[in-house]
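Asker: I grabbed these lines from TrEMBL:
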{"type": "ACT_SITE", "residues": "Lys482", "note": "active site, proton acceptor"}
{"type": "ACT_SITE", "residues": "Tyr705", "note": "active site, proton acceptor"}
{"type": "BINDING", "residues": "Arg580, Met754", "note": "substrate binding site"}
{"type": "DOMAIN", "residues": "684-808", "note": "domain 'Alanine racemase C-terminal'"}
{"type": "MOD_RES", "residues": "Lys482", "note": "N6-(pyridoxal phosphate)lysine"}
Amino acid sequence: MKEIADIIEGELRQGIPVEITEYSIDSRSIITPEHTLFFALKGNNHNGHDYIQTLYSDGIRAFVISEYRAEFDHLPEANFILVKDVLTALQQLAAFHRQQSRAEVIGITGSNGKTVVKEWLYQLLANDHAVYRSPRSYNSQVGVPLSLLGIDTKADIAIIEAGISQKGEMQRLQHMIRPDIGIFTHLGDAHDENFSSREEKLAEKARLFTTCRWVIGQAGNVMQFIRTQVPTTTSFFTWSEEIEADVQVQTVNIALDHREVKVTHGQQSFTLDIPFADIASFENCMNAVCVLLLKKYAPEIIVSRVAQLSAIAMRLEIKEGINNCTLVNDYYNSDPSSFQLALNILATQDTSKERVVILSDFMDSGKEADDLYPSIAETLRQANVSLFIGIGKHLSDHRHDFAPNSRFYEDTEHFLRQEERENFKDQVILIKGARVFQFEFIAGFLQKQSHGTILEVDLDAMVHNLNHFRSLTDAHIAVMVKAFSYGSGSREIASLLQYHRVDYLMVAFADEGIELRAAGITIPIAVMNPEREAFDNMVMFNLEPEIYALDILEDFNRSLAKHGIKRFPVHIKLNTGMNRSGFDERDLPRLLDFFRSERSVYIRSIFSHLAGSDETIHDKFTLGQIQLFERMTEHIQARFDYKIWRHILNSAGIERFPQYHFDMVRLGIGLHGISATNAPLQPVSSFKTYISSIREVPEGQSIGYGRKSFTTRPSRIAVITVGYADGLNRHLSNRVGHVFVKGKRVPIIGNICMDTCMIDVTDTDATIGDEVEIFGKHIPVTELAEQLGTIPYEILTGISHRVKRVYYKE
Ligand SMILES: *Cc1c(COP(=O)(O)O)cnc(C)c1O
């Protein structure tokens, strides 16, 4: 700690001696607390200092802080390093660590392709080098230092991604990374809005290269410009298909799924067979190949390794498994740091289910097996994993390090032959293995079978939207998760929201709340329509009722008294103009009378609901509602000596009436990417299916039931496996609705059937098995709603439960 304090120029307050091997910024994902140094960052949404006491009780003894709080006096064993700025300290430590490392550092920047180039370079180099690479896409001001701190003493090459979105950021990254070799992947339009010109953005990115010996990239204007931004001593190594460059490339053949290119460099000339046809893969591959050429790899080796490049799954998938299991699939890379990340994600899943980990041997740990596997076993114990299944020779050899109930198999085939599906039930299962083990077969074995129509839920987009709303308000945030979280799923979404520390969840009915409690949700839950039959359960499961009438309040209070419970929180609903439910102003005297004597309930909040918060034509009415709300709530509050929270805004209200956030806001549709003000939200749900068959139909033929559509030319008509029973509205029949397939919008033709419908794919090269989007990133759900004369809420909540929800996260 002394040494670290010196490096980061902080003031040390010593506790017990600790040995630091891990660094963390996230209080929720710490695996070996006694060896972790926690950096208490202050972000827009969280302040790390708030979690120090909890972390201390979890066993963490080392903290970097920027404010010393009196309460820390009660943590006698803790070591604190007090610095001016915690992020700067993290970056200083990372810079120091990188300087100590003997690894040659390859720094990658550009708008797209960073992660692919990084992973491919890894695939190309790992046979001959101990290669370290940043986990996933850790490339930000926080991600880069954490990446660098992971470089171990064995590594001789470290590949680090650098991503920026604003001016001034690259300089800080450059100070830490100091790459020996730089790669510029591609200049796109991401983050243009933060720069006055493309040149300014490029100049910022080029800063990464100021200490490079070599810079690699595609020859052209971008490279020319980068040359003007770096010292003249920097060497460039470029490739091009069009202009003169160090490596001359010529595409000789593009087939469906691969591309052959002829490469000429000096005297050498050879043909690469890249196992991808698209242009982005070609560019990414050439940038990686340049590194091999610089390192004087022989052409035969380059050719054979490139032929084996494999696709990079950028996302980890969370899927519904058999027998009520949840699968976390992550089987594209295999190293201890990505294992750690996958375990963190496992920790965010339904906590009522048992945790199972299926893991293959690590192909590239950089650590000796005798050190590695005992530490993996320890990590599993800390993460409360109740069943471990190891696949591969190394794991089998180390079976004695693991818990006695663990099971081991030589390879995936033996697993599939000997395990039964019935062995897996009510569990969350992490499936994590190196590619050679082909764990996709295990995932297939454990995955719930479905008819191929899915609602894909992008959890990163959801978190982005949550953070957008957070940036608008200082108030507490309640998220409405009624109706299966607007169709996107209840347990998974509630777990995500709990992990991201929202303050309240609100459901429509008590049974929805009970389901969330059963899934391990512990944050407060309010129930909007409390039914009398559910009162006992609500008390038992700590579900707080919304009270909209006096008789309900009396009955609920009686129920509490029966259980001998005091101070149970309730939420009083006021009617200010919606005229649906709630106390009117004239009801207040009776309500207050009720509280004259000692009661078992206590009022946690008073709230009301706006009838037209999304439309300017109603603004006068809305302000009237708010004014009445203020008057009524002041009247109530005056009668209590404790503070009662107030809230009135839904999503549109949060965006449009920032002066009325009061103590809490209630976020609903905004979380799903729908904004009343065109705010930069991201679409969350995509409704997708696939083409199950295609038929050639001559001109003038009718299609489907009722003969409502006719072909007007020789046509290709595809069947997709989604119908009105899945939630595809039948009013979209007969060319009213469109779907997105193979980069184009095509019309629905004929009447929509119960389980299928037909689309006209004549103008596309669509084939059987192609994915079809009904709504999502290409066809906004708002557009569909407009077409049907309804609101997105109805479409989202109308997707049938038989449609499997699939969750994605980068
Ligand atoms: C559903 C609901 C909300 C959220 O509304 P959105 O328009 O989806 O943001 C807020 N408050 C109450 C009482 C609700 O029922």
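Here the Cβ of each residue, glycine as well, is placed from N, Cα and C on the backbone.
What you see is a predicted model, and the numbers here were worked out from it, not measured in a lab.
Can you walk me through where each of these features ends up in the structure?
Answerer: In sequence order, Met506, Val507, Ala508, Glu512, Met528 make up the list of same-chain residues 6 or more apart from Lys482 (active site, proton acceptor) whose Cβ falls under 8 Å from its Cβ. Under the three-state DSSP scheme, Lys482 (active site, proton acceptor) falls in the helix class.
With a cut-off of 8 Å between CB atoms and residues at least 6 apart in sequence, the same chain places Gly750, Asn751, Cys753 near Tyr705 (active site, proton acceptor), listed in sequence order. In the three-state DSSP assignment, the secondary structure recorded for Tyr705 (active site, proton acceptor) is helix.
According to DSSP, Arg580 (substrate binding site) is assigned to coil rather than to any helix or strand. Of all Cβ atoms in the shown protein chains, 10 besides its own fall within 10 Å of the Cβ of Arg580 (substrate binding site).
Counting residues of the domain 'Alanine racemase C-terminal' (684-808) by DSSP class, helix then strand then coil, yields 22 helix, 47 strand, 56 coil.
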Asker: Along the domain 'Alanine racemase C-terminal' (684-808), what average pLDDT does this model show?
Answerer: 95
Asker: Can you check which residues sit near Met754 (substrate binding site), meaning Cβ under 8 Å from its Cβ, same chain, 6 or more apart in sequence, and list them in order?
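Answerer: When sequence neighbours closer than 6 are ignored, Met754 (substrate binding site) has Gly723, Tyr724, Ala725 within Cβ distance under 8 Å.
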